[in-house]
Amino acid sequence: MAIDGILKQGFITTSADKFLNWAKTGSMWPMTFGLACCAVEMMHAGAARYDLDQFGIIFRPSPRQSDLMIVAGTLCNKMAPALRKVYDQMPEPRWVVSMGSCANGGGYYHYSYSVVRGCDRIVPVDVYVPGCPPTAEALVYGLLQMQNKIRLTNTIAR
C-alpha cells in the first residue's frame, strides 16, 4: 500500500522514467535498412567524420539487438513485407527514423506502381529526415531529435 501512495504522487515513477530514458538515449542501437542511395549517406554518418559513437549510437547487424530502425531509400511493394517482419523482430520499445524523400513519401518514384508511398504505411515512423539524399548532418540532427523524443517519453506510467 505504501508503494501505491508513492506512485500516485509520481515521485518514484518520474525519477525512474528520467533514469531509464537517459539510459536509452545514451545507447541507441540502430538497425540499418538501406534500400537505395540514402544508405550511402547513412554509412557516411557512421564513419569517422561524424562518428555517431560519440552520441552512443552504434549500428547493429541484427534486429533482435536493435531498438531503432533507419529506413533509408525507396521502399518497393516487394520489400514491404520484409520491412514489417524485421520491425516485428525488434524488441520493445522500438523506434523508426524515415530517411530521405523516397522513404518519407515515395520521392521521385511516387507515381510508380511498384513503390510504397512512404514507409509510414508499413511501420509507425517517429522522425522524418528530409532530403534527396539527406546529408549526413541531417541524419545526425534527426537522430538527436529522436534522442530528445525518447527523453520526453514516459516509460513506466503511460
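Just so it is clear, glycine is given a Cβ too, placed from its N, Cα and C backbone atoms.
What Swiss-Prot records for this protein:
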type    : residues                     : note
BINDING : Cys37, Cys38, Cys102, Cys132 : [4Fe-4S] cluster binding site
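Positions of Swiss-Prot features highlighted on the structure.
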| residue | record | Cβ contacts under 8 Å, 6 or more apart |
| --- | --- | --- |
| Cys37 | [4Fe-4S] cluster binding site | Gly73, Gly100, Pro133 |
| Cys38 | [4Fe-4S] cluster binding site | Ala72, Gly73, Met99, Gly100, Cys102, Ala103, Pro133, Pro134 |
| Cys132 | [4Fe-4S] cluster binding site | Gly100, Ser101, Cys102, Gly107, Tyr108 |
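In the three-state DSSP scheme, Cys132 ([4Fe-4S] cluster binding site) falls into the coil class.
Cys37 ([4Fe-4S] cluster binding site) falls within neither a helix nor a strand when secondary structure is assigned with DSSP, and so counts as coil. Taking the mean position of the Cβ atoms of Cys37, Cys38, Cys102, Cys132 as the [4Fe-4S] cluster site, the remaining same-chain residues with a Cβ inside 8 Å of that point are Ala36, Ala72, Gly73, Thr74, Met99, Gly100, Ser101, Ala103, Gly107, Gly131, Pro133, Pro134.
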